[in-house]
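Per Swiss-Prot, the features are:
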type	residues	note
REGION	66-92	region 'Disordered'
MOD_RES	Ser74	phosphoserine
MOD_RES	Ser78	phosphoserine
COMPBIAS	81-91	compositional bias 'Polar residues'
DOMAIN	98-354	domain 'Protein kinase'
BINDING	Ile104, Gly105, Lys106, Gly107, Ser108, Phe109, Gly110, Lys111, Val112, Lys127	ATP binding site
ACT_SITE	Asp222	active site, proton acceptor
MOD_RES	Thr256	phosphothreonine
MOD_RES	Thr368	phosphothreonine
MOD_RES	Ser396	phosphoserine
MOD_RES	Ser400	phosphoserine
MOD_RES	Ser421	phosphoserine
Amino acid sequence: MTVKTEAARSTLTYSRMRGMVAILIAFMKQRRMGLNDFIQKLANNSYACKHPEVQSYLKISQPQEPELMNANPSPPPSPSQQINLGPSSNPHAKPSDFHFLKVIGKGSFGKVLLARHKAEEAFYAVKVLQKKAILKKKEEKHIMSERNVLLKNVKHPFLVGLHFSFQTADKLYFVLDYINGGELFYHLQRERCFLEPRARFYAAEIASALGYLHSLNIVYRDLKPENILLDSQGHIVLTDFGLCKENIEHNGTTSTFCGTPEYLAPEVLHKQPYDRTVDWWCLGAVLYEMLYGLPPFYSRNTAEMYDNILNKPLQLKNITNSARHLLEGLLQKDRTKRLGAKDDFMEIKSHIFFSLINWDDLINKKITPPFNPNVSGPSDLRHFDPEFTEEPVPSSIGRSPDSILVTASVKEAAEAFLGFSYAPPMDSFL
């Protein structure tokens, strides 16, 4: 009987693993797509648009052409549309100050590159964004929000720091800390899930970073494994602050529909006002994914996934009671009852799941990380996705034409922005 039971268990496990692999492959392909792109595709899907839940979420009654596909050309940007980089700007910096070595990340508006400063011999991650793409999607406010948040968080150990920024006629350059331990998403892809002690360590550092942002009245709104990096020692570093919302006080709310589909909180899906507890929902979703390998309510069918988020009970197996209690608190569908609704980070910090964490030691990086990326130096790119690193570096990003003044003052930025047509026509930057 024992032999038969073990054989049956092995067959079942193998079958389930095959199914899980298929789900993971589909999941990995879909989740890098931003929410705007997802909604754009959803709006063009006649079958999906007929689904009552989709109509409720997106407030559409029939398929419609997405705004970005409108054939009418956008008018030239007015001075009010110019991007002012503010006090982070370095008016003397220019692209030719850097050797751009490798592509290490991609986003909706540009790429992140490993670069070495020629004079300083220092390595940076340089985020290069296309102004034209930003204006086309009317995302200037998000770019400014990211810049503002970056200016505020340079002293926190678990938030990426901004060194300076500059611009050319058609691009924005943000010079950031270079973090080369890899995305948490990359490590989850390789290992599928983490043991509870490792997940606890990461969750604690993430919670510390979120608590710090909340203390500055900033709601992060886009926590997901792709935005969580590991440094060379294995500590967490949050990056990508484009969806942050500033000036949200303890009881303040906002209502913008944004985020990543797998991690949207119920109140966001309902298009109700939401507060900083949306970040604690996302922390719960990420912790769940670290323990189980997929987000808590994931489905390849997006409408079904949204219905799961809104209505399906949370299912938790094979974890400790303290982990179960924490996840039930963080993934509480009613935000007024969610863990963190009353005392924000202090509630998370004092939860029994984190009883083994010395928070002073954590913030001072005195706790040895459970995983060491073992990178040999800045040029060690083993933890970056080959999808990025094998892509050629666009030649245009390192050019500093003499005819273009690199600056960040309001008037000069306006002149540079209006002159972005200097970009080579063969440039395949985006």
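For all residues, glycine too, the Cβ spot is worked out from N, Cα and C.
Map these features onto the structure and tell me what's around them.
The Cβ of Lys106 (ATP binding site) lies under 8 Å from the Cβ of Val112, Phe388, each of these being in the same chain and 6 or more residues away along the sequence.
For Asp222 (active site, proton acceptor), the same-chain residues lying six or more positions away in sequence with a CB closer than 8 A to its CB are Asp240, Gly242, Leu243, Cys244, Cys258, Gly259, Thr260, Tyr263, Cys282.
Around Thr256 (phosphothreonine), the C-beta neighbours below 8 angstroms that are at least 6 residues distant in the chain are Lys245.
Neighbour list (Thr368 (phosphothreonine), Cβ cut-off 8 Å, at least 6 residues apart, same chain): empty.
If you draw a 10 Å sphere around the CB of Ser396 (phosphoserine), it holds 18 other CB atoms from the protein chains shown. According to DSSP, Ser396 (phosphoserine) is assigned to a helical segment.
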What's the number of neighbouring CB atoms sitting within 10 A of the CB on Ile104 (ATP binding site)?
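I count 24 other Cβ atoms within 10 Å of it.
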Using a 10 Å cut-off, grab the number of neighbouring Cβ atoms around the Cβ of Val112 (ATP binding site), all chains included.
23
Taking just the CA atoms, what is the gap between Ser108 (ATP binding site) and Ser396 (phosphoserine) in Å?
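Computed Cα spacing between Ser108 (ATP binding site) and Ser396 (phosphoserine) is 18 Å.
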Taking just the CA atoms, what is the gap between Gly110 (ATP binding site) and Ser396 (phosphoserine) in Å?
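Ser396 (phosphoserine) has its Cα 13 Å from the Cα of Gly110 (ATP binding site).
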